[in-house]
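Per Swiss-Prot, the features are:
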type	residues	note
ACT_SITE	ASP14	active site, proton acceptor
ACT_SITE	HIS42	active site, proton donor
BINDING	13-19, 41-43, ARG315, 341-343, 423-425	GTP binding site
BINDING	ASP14, GLU15, GLY16, LYS17, ASN39, ALA40, GLY41, HIS42, THR135, ARG149, GLN230, THR245, ARG313	IMP binding site
BINDING	ASP14, GLY41	Mg(2+) binding site
BINDING	THR309, VAL310, THR311, LYS312, ARG313, LYS314, ARG315	substrate binding site
Amino acid sequence: MSKNVVVIGTQWGDEGKGKIVDWLTDHAQGVVRFQGGHNAGHTLVIGQGASQKEYKLNLVPSGIVREGVNCYIGNGVVLDANHLLFEIDGLEKAGLEVRNRLKVSPGCPLILEYHVRLDKAREAAREPGRKIGTTGKGIGPTYEDKVARRALRVYDLFYPERFAEKLREVLDYHNFVLTKYLNAEAVDYQQQLDEALSKAPLLQPLVTDISAALYEANKAGQNLLFEGAQGTLLDVDHGTYPYVTSSNCISGQAAAGTGVGPSMLHYVLGITKAYTTRVGGGPFPSELDIETEDSPGFQMSDKGREIGTVTKRKRRCGWFDAAALRRSARINGLTGLCITKLDVLDGIKELNICTGYELDGKPVDLLPVGADDVARCQPVYETLPGWDESTFGISRWEDLPQNARNYLKRLEALCEVPVDIVSTGPERDETIVLRHPFGA
């Protein structure tokens with residue numbers, strides 16, 4: 001009987017999902033993307049020593065680095081065809097077999113040039129204090145078109161005349177916005193049409209009814225791994241709105257973004273760092289100074305190599321926020337937690353955990369809804385002793401320093417979710433397993 005696992009980021013993204021998805025793929029026959037676009041970034045480190053390889057993935061599911069694992073891009077993903085083909089070419093040059101294992105939903109909305117121009121022009125027009133921190137890759141405008149029912153989808157590419165008609169209508173609208181409101185350059189219709197249609201024969205062999213394919217895989221007893229991108233606190237409905245992404249990043253989207261029923265999802269694994277990070281604008285109650293050497297925030301930033309995979313911007317760093325994690329746990333219905341980057345905290349004498357907030361003089365034990373209230377929250381901390389010993393690469397619970405175990409058990413109690421996995425390094429075997437999501 002199959003068992004299907006959903007992997008979700010529980011913070012503001014960048015929690016280390018890629019390594020965990022890759023590690024879990026040992027027990028899966030399929031890996032599925034269900035939301036976001038190429039604004040997501042996963043870094044996978046495979047092998048050791050001279051044979052070690054590093055793969056940076058944006059659109060292609062992490063399971064592609066595993067031989068024989070099928071990969072699926074569901075209808076909830078917005079697709080930049082140029083980037084997908086670029087990524088496929090790069091992986092094939094690295095010696096991976098991709099095209100006969102990768103399947104794409106015909107319902108994926110297409111990211112086109114006008115989406116990218118709109119994204120960049122809007123961000124440039126915002127006042128400094130109100131910038132979202134968008135990646136400028138056209139994700140948000142594409143989701144807007146989807147909701148407004150004017151998006152062009154992968155399916156449309158295979159009907160050139162209809163595609164041309166739809167493109168003219170939507171491009172007239174967006175060019176008006178670009179030129180009249182944003183003082184940006186218009187997109188040339190013929191150039192956009194030719195460029196988009198040129199991708200049709202390259203994409204067509206990949207296109208499959210993902211809902212049907214996943215149903216049949218599940219029926220055949222295959223284990224499926226649903227790979228979330230970004231994080232719960234960036235969710236368009238449940239995150240620190242408006243400083244969010246434009247898709248739903250929560251476990252429920254695994255069903256909507258692929259066309260499977262919720263009863264096919266058996267276990268939800270929440271990934272969280274042992275501290276907290278955030279890229280771009282928006283409130284961050286437990287944020288620390290990352291510029292002053294010898295400070296905890298500097299150690300998190302420096303030792304944790306906290307640079308965005310996609311944006312190349314320094315990530316903001318702060319103490320672990322249990323009040324925010326409790327919110328994530330409830331929204332996602334988490335079965336278990338995976339704590340990553342524990343080793344980054346090695347050597348910090350005292351570790352603070354944000355257990356709640358004070359908001360307008362009143363105690364609050366959950367992250368509030370909406371960025372304005374979150375920005376006014378003052379963190380309430382509990383302090384635990386740190387540890388001097390290295391935890392890097394440890395793969396057995398009993399080998400962890402006692403204070404590290406105490407820290408993890410306290411996170412477990414505060415978050416009200418069992419810690420099932422602890423990651424102590426970037427490689428597959430640098431992992432402590434207390435309970436395996438696939439029951440292995």
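Placed from the backbone N, Cα and C atoms, the Cβ positions cover glycine too.
Annotated features, which come from Swiss-Prot, shown on the structure.
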residue	record	contacts (Cβ under 8 Å, 6+ apart)
GLY16	GTP binding site	ILE271, LYS273, THR340, LYS341, SER423
LYS314	substrate binding site	ILE290, SER301, GLU306, ILE307, GLY308
ARG315	substrate binding site	ASP14, THR277, ARG278, VAL279, SER301, GLU306, ILE307, GLY308
LEU342	GTP binding site	ALA274, THR391, ALA404, LEU408, VAL422, SER423, THR424
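Taking the C-alpha positions, the distance from GLN230 (IMP binding site) to LYS19 (GTP binding site) comes to 14 Å.
Residue pair ASN39 (IMP binding site) / GLY13 (GTP binding site) shows a Cα separation of 11 Å. Take the CB of ASN39 (IMP binding site) and look out to 10 A: across all protein chains shown you find 26 other CB atoms. Here the binding-site residues are GLY13, GLY41, and the one ringed by the most other CB atoms within 10 angstroms is GLY13. Of all Cβ atoms in the shown protein chains, 28 besides its own fall within 10 Å of the Cβ of GLN230 (IMP binding site). Distance noted between the C-alpha atoms of LYS19 (GTP binding site) and GLY41 (IMP binding site) is 12 Å. Recorded residues GLY13 (GTP binding site) and GLY41 (IMP binding site) have their alpha carbons 9 Å apart, per Cα-Cα distance. Across the structure, LYS312 (substrate binding site) and THR135 (IMP binding site) place their CA atoms 10 angstrom apart. With every protein chain in view, the residue among the binding-site residues LYS19, LYS312 whose Cβ has the most Cβ partners within 10 Å turns out to be LYS19.
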